[in-house]
Amino acid sequence: MGRQKELVNRCGEMLHIRYRLLRQALAECLGTLILVMFGCGSVAQVVLSRGTHGGFLTINLAFGFAVTLGILIAGQVSGAHLNPAVTFAMCFLAREPWIKLPVYTLAQTLGAFLGAGIIFGLYYDAIWAFANNQLIVSGPNGTAGIFATYPSGHLDMVNGFFDQFIGTASLIVCVLAIVDPYNNPVPRGLEAFTVGLVVLVIGTSMGFNSGYAVNPARDFGPRLFTAIAGWGSEVFTTGRHWWWVPIVSPLLGSIAGVFVYQLMIGCHLEPPPPSTDEENVKLSHVKHKEQM
């Protein structure tokens with residue numbers, strides 16, 4: 001047992017990455033992979049079973065808990081943004097250096113790409129059998145929607161853009177409130193569960209129009225995978241070239257969320273007064289000295 005532990009420790013030292021930003025990028029990649037793998041896996045079950053193994057609620061629950069798990073995995077290493085819109089907001093507020101925006105975005109997109117690949121491999125036979133050995137993007141036998149978001153038939157481009165804008169702005173406002181130490185902060189260790197709850201609420205209230213991507217990496221990574229895996233370029237042209245909306249709109253929504261929170265809450269918060277416990281300690285100390 002001692003030799004085995006020594007060997008494990010030695011291997012760990014050899015594999016240890018000393019460049020902090022690279023360690024953080026790997027954490028973002030894995031966290032986003034977990035998010036997409038569990039989230040898209042729930043969509044796959046619903047679509048491929050034609051609704052017999054879940055529904056809209058189970059998809060939202062899966063994405064909410066997937067976000068929680070992703071944050072628990074990556075949180076202590078990278079902050080677990082798992083979303084370029086969140087990274088953009090943190091850089092915009094000068095809470096993170098701007099160099100992290102391209103690095104995190106690339107890592108998050110790669111993680112989403114790999115997560116989609118895992119689900120494709122897991123449900124490979126079911127996907128091919130679903131539409132008689134065809135990979136169809138949209139329609140009753142479409143399977144591309146397992147991986148990326150597409151607009152509903154009633155949705156035009158302007159309404160769809162607004163949908164993603166509001167969804168992301170809402171997400172950013174809630175995230176900023178959760179991580180703000182001066183605004184009734186969430187107890188340590190519960191941040192991941194609270195953010196997961198936010199995603200669940202957004203999904204159950206704003207998911208009808210286009211599936212609430214509110215995350216450029218979560219949408220583009222799997223979309224790119226489907227284009228390579230066999231669905232082809234149609235994944236970029238369907239829905240009047242919808243693919244760019246879940247990329248651009250969330251970034252603009254991120255800025256809006258930052259301004260709304262800062263203008264209405266963040267700029268007006270004051271540091272909490274010293275705790276009564278500290279005051280009591282000081283007062284008791286003074287009395288003790290006077291008695292002496």
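All positions are counted from 1 along the displayed chain.
Cβ from N, Cα, C; glycine included.
Swiss-Prot lists 1-24 (among others) with the feature topological domain 'Cytoplasmic'. Only residues 6 or more beyond the boundaries of the topological domain 'Cytoplasmic' (1-24), in the same chain, are considered here, and those with a CB under 8 A from a CB of the stretch are 77-79, 99-100, 103-104.
Same-chain residues lying 6 or more positions outside the transmembrane segment (25-42) and placing a CB less than 8 Å from one of its CB atoms are 17, 54, 58-59, 61-63, 65-67, 69-71, 73-75, 77-78, 80-83, 103-104, 106-112, 114-116, 118-119, 122-123, 146-147, 217-218, 221-222. Taken from Swiss-Prot, the feature transmembrane segment applies to 25-42 (among others).
Long-range contacts of the topological domain 'Extracellular' (43-56) within its own chain (CB-CB distance under 8 A, at least 6 residues past either end) are made by residues 119, 122-123, 126-127, 130, 143, 145-147, 207. Summarising the annotation, Swiss-Prot assigns topological domain 'Extracellular' to 43-56 (among others) and lists similarity to another entry as the type of evidence.
If you look up Swiss-Prot, you'll see 57-74 (among others) marked as transmembrane segment.
Secondary structure from DSSP puts F63 (site 'Selectivity filter') in a helix. Annotation source Swiss-Prot lists site 'Selectivity filter' at F63 (among others).
Residues annotated as topological domain 'Cytoplasmic' in Swiss-Prot, with similarity to another entry given as evidence: 75-78 (among others). For the topological domain 'Cytoplasmic' (75-78), same-chain residues at least 6 beyond its ends with a Cβ under 8 Å from one of its own Cβ atoms are 23-28, 31, 104, 191-192.
Residues or ranges marked as intramembrane segment by Swiss-Prot: 79-92 (among others).
The topological domain 'Cytoplasmic' (93-100) scores a mean pLDDT of 95 in the predicted structure. The topological domain 'Cytoplasmic' annotation in Swiss-Prot covers 93-100 (among others).
Under 8 Å from some Cβ of the transmembrane segment (101-121) lie the Cβ atoms of residues 21, 24-26, 28-37, 40-41, 44, 78, 81-84, 87-88, 91, 127, 146-147, 216-222, 224-226, 229, all in the same chain and six or more residues away from its ends. The feature transmembrane segment is assigned by Swiss-Prot to 101-121 (among others).
Residues annotated as topological domain 'Extracellular' in Swiss-Prot, with similarity to another entry given as evidence: 122-159 (among others). Per DSSP, the secondary structure of the topological domain 'Extracellular' (122-159) breaks down as 14 helix, 0 strand, 24 coil.
Per Swiss-Prot, the feature N-linked glycosylation site maps to N141; the stated evidence is sequence analysis. Long-range Cβ contacts of N141 (N-linked glycosylation site) within its own chain (separation 6+, distance under 8 Å): F130, A131, Q134.
Summarising the annotation, Swiss-Prot assigns transmembrane segment to 160-177 (among others) and lists similarity to another entry as the type of evidence.
As annotated by Swiss-Prot, topological domain 'Cytoplasmic' applies to 178-189 (among others), with the evidence given as similarity to another entry.
According to Swiss-Prot, the transmembrane segment annotation covers 190-206 (among others), on the basis of similarity to another entry. Counting only same-chain residues 6+ beyond the ends of the transmembrane segment (190-206), those with a CB under 8 A from a CB of the stretch are 57, 59-61, 63-69, 71-72, 75, 80, 163, 166-167, 170-171, 174-175, 178-179, 212, 214.
Residues annotated as topological domain 'Extracellular' in Swiss-Prot, with similarity to another entry given as evidence: 207-210 (among others). Beyond the topological domain 'Extracellular' (207-210), the same-chain residues lying 6 or more positions past its ends with a Cβ under 8 Å from any Cβ of the stretch are 56, 59-60, 149-152, 155, 159-160, 163-164, 242, 245-246.
Packing against the intramembrane segment (211-224) from elsewhere in the chain are residues 32, 35-36, 39-40, 82-85, 105, 108-116, 145, 147-150, 163-164, 167-168, 171, 202-203, 235-236, 243, 246-247, 250-251, 253: each is 6 or more residues past its ends and has a CB under 8 Å from a CB in it. According to Swiss-Prot, the intramembrane segment annotation covers 211-224 (among others), on the basis of similarity to another entry.
Taking only the Cα positions, the spacing between F63 (site 'Selectivity filter') and R218 (site 'Selectivity filter') is 11 angstrom. Distance between Cα atoms for Y212 (site 'Selectivity filter') and R218 (site 'Selectivity filter'): 10 Å, as a whole number.
Within 10 Å of the C-beta of F63 (site 'Selectivity filter') we count 27 further C-beta atoms, all protein chains included.
Neighbour list (R218 (site 'Selectivity filter'), Cβ cut-off 8 Å, at least 6 residues apart, same chain): T32, L35, V36, G39, N83, Q108, A112. Counting only same-chain residues 6+ beyond the ends of the topological domain 'Extracellular' (225-242), those with a CB under 8 A from a CB of the stretch are 113, 116-117, 120, 135-138, 143-144, 147-148, 150-151, 157, 160, 210. When the topological domain 'Extracellular' (207-210) is classified with DSSP, helix, strand and coil residues number 0 helix, 0 strand, 4 coil.
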